[in-house]
Protein chains: 2
Amino acid sequence: MKILEDRILKDGQVLGHDVLKVDNFLNHQVDPMLMQQMGEEFHRLFKDEKITKILTVESSGIAPAVFAGLAFKVPVVFARKHKSVTLKDELYTSVVYSYTKKVSNHISISKKFLNSDDRVLIIDDFLANGQAVQGLVDIIKQADADLAGIGIVIEKTFQKGRELIDKEGIHVESLARIKAFEDGKVIFMDEANTINANN
Amino acid sequence: MKILEDRILKDGQVLGHDVLKVDNFLNHQVDPMLMQQMGEEFHRLFKDEKITKILTVESSGIAPAVFAGLAFKVPVVFARKHKSVTLKDELYTSVVYSYTKKVSNHISISKKFLNSDDRVLIIDDFLANGQAVQGLVDIIKQADADLAGIGIVIEKTFQKGRELIDKEGIHVESLARIKAFEDGKVIFMDEANTINANN
């Protein structure tokens, strides 16, 4: 998605060799006009999948997910993060390890909001090592719902998340796919829009 | 806002004498079409206030805030909750006590996303004891920004939050104002739309 790639080039900040900070339009300050365009793009990509529900994780997934929900006209459920889970009976729960924060969190959703009639589109802000997405996939399996696909805002193709998902034969679409960070610059998979190609 | 009051009557669940659970359209499962209408209503209520930024707190404030941001065409910043704050130099921070969870959290936002040129509209899902809103007001003061107003989805008028805010002369608008829970039923301030009035 060209408008997103351009925004990453303009406002993204590369930290070290594998972190991209996009806190001025996606995960701390949010650009709602961009989110709306992203929601419509997710709809274009998955519109034939008969989606009945969007699933994401708090907090950074919520903004892109609710605009996808608006485009599909379906409810959005955001999984909550907990250090531990006590009331397990009413919840679907999975464990997610965060490589960036080096902690494990439980994520959970109320059983009343996901069931075997649902066809679910997962939306998340980043796909890196794939832990959050795998937790959501696990929850969808527990609910015996159908996983229709996964929509990602920014994918880092050089980390292992995409490979893990591809192994399971899941339909994944990422609005921006980053192949590498070179000298603090972002290089996209789509050759036409890399920094180098613009030189 | 009649459509919101009707939804609360239909889907809200009164727990005990002061808790309203609205997790099937606002703070766990989210109805994006309703959120969009609420965003437009906030715009109608504050459109003359020259808003430059929307401020909220993760996670339940994000959905109404981003649709308000879309209606105003301004960026949305969501404060993050932490148990403790270490990197204070780059952050505006305040402490918020949650009466429902009985814990204190720090909330913080990056200094780069709020400054003295901003006219800020605070959006939050609930106004009960006013703790979250007061934390956000504190952060706006630290940034030397102007507080233009506070937009609340559901206000419980019988708790002390509204009074605290009114004392400071702040422009507050709530889309639904609940005056009491009686026998597990919701009674709104607006007499025309209480359960009793419908009987």
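Cβ coordinates come from backbone N, Cα and C, glycine included.
What TrEMBL says about this one:
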BINDING   A:L20, A:N27, A:K156  xanthine binding site
BINDING   A:A128, A:N129, A:G130, A:Q131, A:A132  5-phospho-alpha-D-ribose 1-diphosphate binding site
DOMAIN    A:44-161  domain 'Phosphoribosyltransferase'
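TrEMBL feature annotations superimposed on the structure.
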| residue | record | DSSP (3 states) |
| --- | --- | --- |
| A:L20 | xanthine binding site | strand |
| A:N27 | xanthine binding site | coil |
| A:A128 | 5-phospho-alpha-D-ribose 1-diphosphate binding site | coil |
| A:K156 | xanthine binding site | strand |
Per-residue pLDDT averaged over the domain 'Phosphoribosyltransferase' (A:44-161), given as an integer: 94
A:N27 (xanthine binding site) CB neighbourhood, other CB atoms within 10 A: 21
Candidates A:L20, A:A128, A:A132: member of the binding-site residues with the richest Cβ shell (10 Å): A:A132
Inter-residue Cα distance where the pair is A:K156 (xanthine binding site) and A:N129 (5-phospho-alpha-D-ribose 1-diphosphate binding site), in Å: 9
Other residues, Cβ within 8 Å of A:L20, A:N27, A:K156 Cβ centroid (xanthine site): A:G12, A:V19, A:K21, A:V22, A:L26, A:D125, A:F126, A:A128, A:I154, A:I178
Number of helical, extended and coil residues in the domain 'Phosphoribosyltransferase' (A:44-161), per DSSP: 33 helix, 48 strand, 37 coil
A:A128 (5-phospho-alpha-D-ribose 1-diphosphate binding site) versus A:N27 (xanthine binding site) - Cα distance in angstrom: 15
C-alpha spacing of A:A128 (5-phospho-alpha-D-ribose 1-diphosphate binding site) relative to A:K156 (xanthine binding site), in angstrom: 5
